[in-house]
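In what follows, a single structure is set out as structure tokens and then discussed.
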There are 2 protein chains.
Amino acid sequence: MKLLEDKIRNEGIVLPHNVLKVDGFLNHQVDPELMFEIGKEFARLFKDKDITKVLTVESSGIAPAVMAGLALNVPVVFARKHKSLTLTDDLFTAEVYSYTKQTTNHISISKRFLSSQDRVLLVDDFLANGQAISGLLDIADAAGIDVEGVGIVIEKTFQRGSQVVRDRGIQLESLARIKALTDDGQIEFEK
Amino acid sequence: MKLLEDKIRNEGIVLPHNVLKVDGFLNHQVDPELMFEIGKEFARLFKDKDITKVLTVESSGIAPAVMAGLALNVPVVFARKHKSLTLTDDLFTAEVYSYTKQTTNHISISKRFLSSQDRVLLVDDFLANGQAISGLLDIADAAGIDVEGVGIVIEKTFQRGSQVVRDRGIQLESLARIKALTDDGQIEFEK
């Protein structure tokens, strides 16, 4: 998606340890018009999948997911993050390890908002090691739900997250695919 | 806003201690079309304020705030919540007490995304005791920013949050105003 790649080129900042900082338009400050276009693009890419619900994880996934839900005309559910979980009877839960923060969090979705009839699209801001998406896939499994697609705003193709999705035969669409972040701050996209 | 009031009447659940559960369309599952209409309504209500930026707090404020930003054609910044803060040189921070959870959190916004030239609209999902909005007002003060308006999806008018805003002479617009949640589960709106 050219609009997005241009934005990443112009405003993305490369930090050590393969961190790409895009907090100027995606995960702290948000560009609503860009999110709206991203939502429309996800809807176009998954238009044949009869999606009934979009799932994401708080907080950075919410803006692109809600725009995807708007374009697809379906509800969005964002999983909540918790340090620990005690009462879980009415929740589907999964563990998510953060490589950046080196902590394990739990994510949860209320059972009331997932039905085995649902055909869901998972949306997230980044796909790197695939931990958040794996957590959502675990929740979908627990709920007996078909995951019809995974929509990612920025994928780091040099990390192994995509394998998690492709191993399960799920359609993966990443709107920007980055193959390298160089030591001198360059961002290289997949052709 | 009639569409919102109807949604609250039909899907809102009254819990003990004046809790109104609206996680079916606002703060866990999200109704994107409703959020879009809410965003347009905020833009209409604050159209004369020359808003340059919308501020909110993660996570439940993000959906309505991004839709307000879309309708106003301005960026949105969501404050991040932290249990504690250590390195704060590049952040504006404030304390926010949660009556529901009885914990104090910190919220922060990167200094890069606030300029003293900004004219901001604060948006949040709920206004009850006004703690989150007070935190955002503290950050705006620290940044030397004019707060031109506060847009709330659901206000509990029987709690004191509105006073915090009105004491400062700031325009407050709440799209649904609830005057009482009764023991038998009724939701009474202000006329």
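Placed from the backbone N, Cα and C atoms, the Cβ positions cover glycine too.
Note that the structure is predicted; figures quoted are calculated from it, not measured.
Over in TrEMBL, the protein carries these features:
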type: BINDING; residues: A:LEU20, A:ASN27, A:LYS156; note: xanthine binding site
type: BINDING; residues: A:ALA128, A:ASN129, A:GLY130, A:GLN131, A:ALA132; note: 5-phospho-alpha-D-ribose 1-diphosphate binding site
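All features noted in TrEMBL, drawn onto the structure.
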residue  : record                                              : CB count, 10 Å
A:LEU20  : xanthine binding site                               : 18
A:ASN27  : xanthine binding site                               : 20
A:ALA128 : 5-phospho-alpha-D-ribose 1-diphosphate binding site : 24
A:ASN129 : 5-phospho-alpha-D-ribose 1-diphosphate binding site : 18
A:GLY130 : 5-phospho-alpha-D-ribose 1-diphosphate binding site : 21
A:GLN131 : 5-phospho-alpha-D-ribose 1-diphosphate binding site : 22
A:ALA132 : 5-phospho-alpha-D-ribose 1-diphosphate binding site : 27
A:LYS156 : xanthine binding site                               : 23
Measuring Cα to Cα, tell me the gap between A:ALA132 (5-phospho-alpha-D-ribose 1-diphosphate binding site) and A:LYS156 (xanthine binding site) in whole angstrom. 14
Extra residues within 8 Å (Cβ to Cβ centroid of A:LEU20, A:ASN27, A:LYS156), xanthine: A:GLY12, A:VAL19, A:LYS21, A:VAL22, A:LEU26, A:ASP125, A:PHE126, A:ALA128, A:ILE154, A:ILE178
Secondary-structure category, per DSSP, in which A:ALA132 (5-phospho-alpha-D-ribose 1-diphosphate binding site) falls: helix
As a whole number of Å, the Cα atom of A:LYS156 (xanthine binding site) is distant from the Cα atom of A:ASN129 (5-phospho-alpha-D-ribose 1-diphosphate binding site) by 9
5-phospho-alpha-D-ribose 1-diphosphate site shell beyond A:ALA128, A:ASN129, A:GLY130, A:GLN131, A:ALA132, criterion: Cβ within 8 Å of Cβ centroid: A:TYR99, A:PHE126, A:LEU127, A:ILE133, A:SER134, A:GLN159, A:GLY161, A:VAL164
Expressed to the nearest Å, what is the distance separating A:GLY130 (5-phospho-alpha-D-ribose 1-diphosphate binding site) and A:LEU20 (xanthine binding site) at their Cα atoms? 16
Length of the line joining the Cα atoms of A:LEU20 (xanthine binding site) and A:ALA128 (5-phospho-alpha-D-ribose 1-diphosphate binding site), in Å: 11
Distance [Cα-Cα, Å, rounded] between A:ASN129 (5-phospho-alpha-D-ribose 1-diphosphate binding site) and A:ASN27 (xanthine binding site): 18
